[in-house]
Amino acid sequence: MDRLISLEPSNTVIIRIEPGQKCYGQITLRNVMYTMPVAFRLQPMNKTRYTILPHSGIILPLTTITLEIIYHLPPNTTLPNRFPHSNDSFILQSVVAPGAAVKTPSDSVPTEWFTNKKKQVYSDSGIKIMFVGSQILTQLITNGYMDEIREVLEKSDPAWKLADSVNSDGQSLLHLAIAQGRPDLVQLLLEFKPDTETGHVRSGSSPVEAAAASGEALIVELLLAHKASPERSKSSTWGPIHLAAGNGHVDVLRHLLLKRANVNALTKDGNTALHMAVEGRRRDCARLLLANAAITDTRNATYGDTPLHIASSLGDEQMVKLLLHKGANKDIRNKSGKTAYDHAAENGHTKLFDALRLGDNLCVSVRKGELRKTLRLLENGALINGRDQNGWTALHRAAFKGRVDVSRALIEKGVDVNGRDEEGYTALHCAVEAGQSDVIELLVKKGAEIEARTNKGVTALQIAEALQYSGITRLLVHGGGSHVNRKEDMMSFVGREMVVKKKGGRSGGVRRSSFDRSAPHFIVPELGPDVKFSYGSHKAVNEYKEAKALGVDTVPLLVGPVTYLLFSKPAKGVEKTFPLLSLLDKILPIYKCFMDHGLMSPPDLESHQLGAFTKAYAGLESSLSGFNVLIETYFADVPEAAYKTLTSLSGVTGFVVDGRNIWANDLEASLLVTLQSLEGIVGKDKLAVSTPSSLLHTAIDLVNEPKLDKEIKSWLAFAAQKVVEVNALAGEKDEASRKSSPRVNNEAVQKAVAALKGSDHRRATNVSARLDAQQKKLNLPILPTTTIGSFPQTIELRRVRREYKAKKISEEEYIKSIKEEINNVVKLQEELDINVLVHGEPERNDMVEYFGEQLSGFAFTANGWVQSYGSRCVKPPIIYGDVSRPKPMTVFWSTAAQSMTKRPMKGMLTRPVTILNWSLVRNDQPRFETCYQIALAIKDEVEDLEKAGITVIEIDEAALREGLPLRKAEHAFYLDWTVHSFRITNVGYPR
């Protein structure tokens, strides 16, 4: 026997520290003796800091006593010197009490009982102190100590609701984490179910409002995923949507709108989010709000101003044009009886006069070809040279639309035939670009300058030649003397994929790398200061010319020069710090030799890289007058820091259809939100529509999937369907069906994920305890041997699996064949004297597909192949709904293999992040939620394997880093939830 007393529930005493409250904790002592009473004495080493009640006493056999340990805070302090773990120590002494001396447990205990050398006195110094409480937590969060925060919350009584703690400044723990911009801290706190609606005591702002104000899009997404309200809290002046719009946080605004935040909600002073965006000159946010049905004519409570009043007062011409384009009523008067025009006049914004009076109505009638209305408006005082919201005069609009009669009337009324818009376009440029030959002939005859150049130096003739309008070219060359009887069609193309991956200055790179973490790989160029760039191949040019000779206009798609350099590495012998972007001037001439459409840049550029990016494309555009140069970012959104740089260029592609996933397009979320917001940033004329990557990342055509479930099929779009979506913007109806389908939503799975707590991410026992238990159970040598997994898949194995799927052989025949293969593998390993065996996985076709076929929420295609690299293709499973495990997946084969040997047989599983990253994942919830669902399914499998007697389980996470976000700022959060997913699978089972 080594002790008389046991400590319950553990040897750690939890003491809660709260301002103005008694600081104490409790510990229970149990007499483990069956027949004898035990006397105890508990003494703190620091007697001025602690009081123990009672500090000594008698415990009857097999009974308990609870002690109260009171902590006295040092003077003028609110926190212990060390926390959460104290280094204060205690001595617990116990001795068998003389039976005759004990009458009741309340009898006093003589001191000499613990000093009598004739008695065996047991001493225990293992009692530890851990401090918890709101002030402890706020300090830990301020310091960002993740493990300590989790431990304090786990050890605290749930009734205390410490996750809802508030510091002396009125900030909740969530507010503190948000203020640090720490989504990992926020996610940790959310595991302990804090009140996501708790407002800041002073400002009244909710956590969502605080995150929205700071532009923390990832935190906003996390809070909304945990059912936080996207609406203004009662105690707040502004709601999340107002704060995001007013501060220009487009990503935050997009998350709120996708969660159906009220786009027309009012602040306490009666302003809408549109008011806030206009006042902050946030045109991208205003465009996004308007695309989501924001009302343009709401008057605020203070002055009765509409957003148009505010934009006019500020002289924000682009905002005024945007609002008018969306139907804002310029005749509304505020509480002072003033219109938007009056505000513009009072502040001297003369450039707004035309737009706010009758000029815009004139352009509308011209665009529609309404000759009589046009003449009537001119007679009523409409400014003939006034400009519409796009900076065009009435003649620009008539020319572009081919309104010959209206154009003639405008010219007769004295319109400026050579008037220019903000980019230097005349009406002739517009007519040529639209292929309006009749209007071109009229303009040339009426004095339009054929040699007029845009701000970029492009003439109308150059546009005609670039667009291959041979008839219009002849018309311009002959100065209007040769009539053209037909209109020529203009074909526009948008770059959709990168088709050239050239080698660098050396004859070849030394390693293969993936492109932006996609499946296709490329040889990494090795470059140095002496490199000389030249064409390695004219293949792209020759194919372009060949297609052109056949009358087919194609789009040359090249890796952009900045991307090329950033994906290279210094050559051998060159300093690792060599600035690869210093080679930009050398490589640009190669690009200038041939280019038309489709340049690409990485989405996560730093400031010096953005500078190189601007320099590169400014140089290319100046040498490619008349050509369309479009900018693409593969996979990721354009970060806010790059908006200014990108909007200075001549073209931006709006990615409204996902080129990497397989889900049908959601019209409202993907098109109206993304496209409209980009239009507000760069202007409609500079915006093209495409996919954010090559379509080689998705399967080819759903037509090839006749056996795929019809309901699931209606939610999907492969490459052929995505081309249709780009052109027709289809898919809204099927998206609604998918959201409501019971096959997507599994309430039990959602509750299980919501119930995850901190202890589900941490093992209950420490490493040394587990090692001792493992060695006792397995008795392995110091360096045991095993194999990492599957044995080679033979032709015979593939034949057996194929015939079983085709129902050419029975289940009994299939099982017999697989067991024979397992037996062969077991014998081979025993002959090689391997310590821990594997069964070879002969029943599995793929480490992800095998599990996906047995999990609910997965679907599989027959021909959904996508390129991995070279000629290697893979057929990823589709995760379309909540994931669960209907029945054990590997127990049958693992136990069968274990029965063939006395050595430990290893259970073989794939971890959740690998399954996630090697699948086509649903896009209607955050990826981490899907990953947690998979983790819970794998956890169930681990528990069943252990119950079946499998003592060693290997759980492979082969693709942890493959899912890393492109932006480095998002890496920490990704690694946090992926590691949590990893832990969920193996911490729940007692052994």
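Cβ atoms here come from the backbone N, Cα and C positions, even for glycine.
Caution: TrEMBL annotation is automatic and unverified by curators.
So that you can see what the record holds, here are the features copied from TrEMBL:
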- 4-132: domain 'MSP' (DOMAIN)
- 169-201: repeat 'ANK' (REPEAT)
- 236-268: repeat 'ANK' (REPEAT)
- 269-301: repeat 'ANK' (REPEAT)
- 303-335: repeat 'ANK' (REPEAT)
- 390-422: repeat 'ANK' (REPEAT)
- 423-455: repeat 'ANK' (REPEAT)
| Whole-number mean of pLDDT values that fall within the domain 'MSP' (4-132) | 87
| task | Determine how many residues of the repeat 'ANK' (303-335) DSSP places in helix, in strand and in coil. | result | 17 helix, 0 strand, 16 coil
| By DSSP, what is the split of the repeat 'ANK' (390-422) into helix, strand and coil residues? | 17 helix, 0 strand, 16 coil
| message | Please count the residues of the repeat 'ANK' (269-301) that DSSP assigns to helix (H, G, I), strand (E, B) and coil. | response | 16 helix, 0 strand, 17 coil
